[in-house]
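Taken verbatim from TrEMBL:
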| type | residues | note |
| --- | --- | --- |
| COMPBIAS | 42-52 | compositional bias 'Polar residues' |
| DOMAIN | 425-483 | domain 'MIR' |
| REGION | 1-20 | region 'Disordered' |
| REGION | 42-66 | region 'Disordered' |
| TRANSMEM | 175-193 | transmembrane segment |
| TRANSMEM | 230-246 | transmembrane segment |
| TRANSMEM | 258-275 | transmembrane segment |
| TRANSMEM | 281-299 | transmembrane segment |
| TRANSMEM | 311-332 | transmembrane segment |
| TRANSMEM | 631-652 | transmembrane segment |
| TRANSMEM | 672-691 | transmembrane segment |
| TRANSMEM | 697-720 | transmembrane segment |
| TRANSMEM | 732-748 | transmembrane segment |
Amino acid sequence: MTSEYLRARRQQVQAQSTLPKKPSFQGISLDLFTTKSTDSSAAKVCSSSPHSPTRRLTHKTNNQPFDSEQKYLNKTSLSAPGTVPHRANKAILYTFIALALFTRLYQIGKANTVVWDEAHFGKFAGFYQTRKWYTDLHPPLGKSLLGLFANFVGYDGKFGFDSGATYPATLFHTPFRACCAFLAALTVPLAYLTGLELHLSQDASVFLGVMALTDVATLVLSRFILLDPLLLFFTSLSVFAVFRFRNYQRVAVFTRGWWVYLGLTGFAIGATMSVKWVGLFVVIIVGLHTVNDLGAMLLEKPKVVPYVMHWVARILCLILLPLIVYLGAFYIHFAVLTNSGPGDGKMGSLFQYHLKGVDMQTGPVNVWTGSEVQIRYHGAGGGLLHSHPHNYPVGSKEQQVTLYGWRRDDNNRMILLDAVAGQEKHALKHGDLVRIQHKLSKKLLRVHEEFGAPTSGEKYREVSFGGEEGTVGKGEVWKIVVVDELGKSFGGSGQLKTLLTRFRIQNQESGCWLRSDHMTKLDKVWGFDQHEVACTHEPLNWENSRNALWNIEEHWNPELPVGKKSDYPWSFFSAFMDDNYDKMLGNSMLVPEPGKAKSSIESYPWEWPTLQTNLVVGGAGWSYNIIGHPLIWLGVTAALITYLAVAAVYLIRYFQGAKDWKSSEQLHDFWFMFKIGILGWLVNFIPYILMPRVTYIHHYLPALQFGMILFAYIVEHLLVRLLPRQHMTRRLVFWVLICIDLGIFWYFKDFVFGYKNGWEYRGRKWFKAWNI
């Protein structure tokens, strides 16, 4: 792809005849999201940027998709020529690769026990070896890669990854960790290359690479079996691809390299959000940049066909491709984990039915009156409609109604009776009225409008099993409201079918809906800590609709033919939605307990940029300190404040008529850093302040990646402004910063590679809040 830059460079001779006078500040848009000059001359060649001594080149592209493209580009600034960035110094690049591998692999297996969250993610990797189904809070791509690494190192999935357990000789934990560390090491050369793509000098780019190399917190997390190394790698790849594509957009529109890096951006952001949902923050940043880029083009009144081509390219590469990556990660996840496992109960009945080894029987397809069934709650956490010979101590004091997870309990079995006794048996469909009888006790499900639910209180109404067989009492008739049929695009036939039909159960007399949820439980003593089932009058919407959703899991009726497995086709979309819904609710449960102080491993978001927190993890007598590198973390915070202050000064001077920019590209790079540096940091940081959830120091690392780019940029920007002719002095400043960075890393290196006696490091407690 670099050859396209070189071809553009060879065109420089022809471009000399088009050199304009020295460009002024006039005619340059100050829109924070504009990346192109408003000058209509696409052949303009600007003077050298202070961030790059290379000359501006006239735009010329090869392999245009249609003949009028070049003519179109010549009439608009869509092809505004960009600065050709510095070429990577191979010696520097290879040095960064070597140092990144060393710092992340050195003594990586020293702690031969399960450290911190390896207890979770190592165990998940094992499920890919045994192919047992499990559920977790995060999308599956990162865990699938861990499973691939586990297979590569010969892990058979038998070791349980209990916290603090010693690794057996048969599990090669060192190469397992090394696989994660290798991907994490790639973030260092990517940081250096990203600096060059931003047109930073070699010195500033080296400084950016050194920060990525030496951050203590990032290093510690890169050396264990975790998702964080994978998340940081794909985030770095996303940022590099965006920067690289931006340069191709300036000099080589619709060329092969342009398509490659646009596609790489889409793949990278798709992979980032497929590792952890926080990767969506990266998607937002790329989306904002793209929308404003297209908006800037529209303001230049382009011709329709080329402009539509830009939209089509971005829809394909930045919307469809990330979606394909995300869906593909789940498809592989489902294809590998085909055996029954510990996560069965959180998935729908149809998904469980197709797992190998699951304890489910194949019954008749269509459900009739008189059929014996198990009714499954289709909301988060699952569970079967259940009753037992124990009464509520309050309210109606009748037999309890709960959700229960154990499938082989006869107290889960219900009989669906016609609303009117003595009627001829018939297949049930949407709108039919039934009575639901508990098989063992012969009692009927009914609602008590006069009593609140036993745990939820007056918010919902109590339901119980009561009455007498053969009679129809108050609140005992229920309507079947079919919602859809899994695998059918338009809701299906309206018939009540085993496994396939999702339906609601509405009380005919009161109009309330039978519901439950994954949070509310009955008392541990008299309700055995089982989930409450109640009736709600609340309008159903997207937020609570699943709380009132049910399906028939098992069905027995000797008068009906037993269905075949082909009658119950597996639905990828249904499984995908169920798994994502479970992840969403699982994440929503990670909230601090009211009135409870935070634990020693938790931290508040405001403590991250001020370096007022750390986290010590370890095993086998070795400790590792997830702690911020003081120069980097505080430098990023200072860079955020400095950038905003400098931007405010520029805006004031602009309205005063000052001309602070020698070329449009200087201005465009400065405001581009607002999107990537400022918004990149804010979008990855602010949600943790707004979300009521438990937070940890490692949540700050994606924001830190964007902040480090801003740090390197603003330092060089100020040096160029304040010392425009003192090139050696500017270089000296950067190398002083690099030496300080390396010196601090050396001072804290034992926190990365492991230490035994924490008291020996008390002198390195630079802040009172640190735990050493």
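Cβ coordinates come from backbone N, Cα and C, glycine included.
Under 8 Å from some Cβ of the transmembrane segment (672-691) lie the Cβ atoms of residues 32-33, 35, 198, 239, 242-243, 246, 278, 281-282, 284-285, 288-289, 292, 605-606, 608-609, 636, 639-640, 643-644, 647, 699-700, 702-703, 705-707, 709-710, 713-714, all in the same chain and six or more residues away from its ends.
The transmembrane segment (230-246) makes contact with the transmembrane segment (697-720), as judged by at least three Cβ pairs under 8 Å among residues 6 or more apart in sequence. Within its own chain, the transmembrane segment (311-332) is flanked in space by residues 139-141, 144, 254, 259, 262-263, 265-267, 269-271, 273-274, 283, 286-287, 290, 294, 572, 575-576, 579, which lie at least six positions past its ends and keep a Cβ under 8 Å from the stretch. Across the domain 'MIR' (425-483), the DSSP tally of helix, strand and coil residues reads 0 helix, 34 strand, 25 coil. Confidence in the domain 'MIR' (425-483), given as mean pLDDT, stands at 91.
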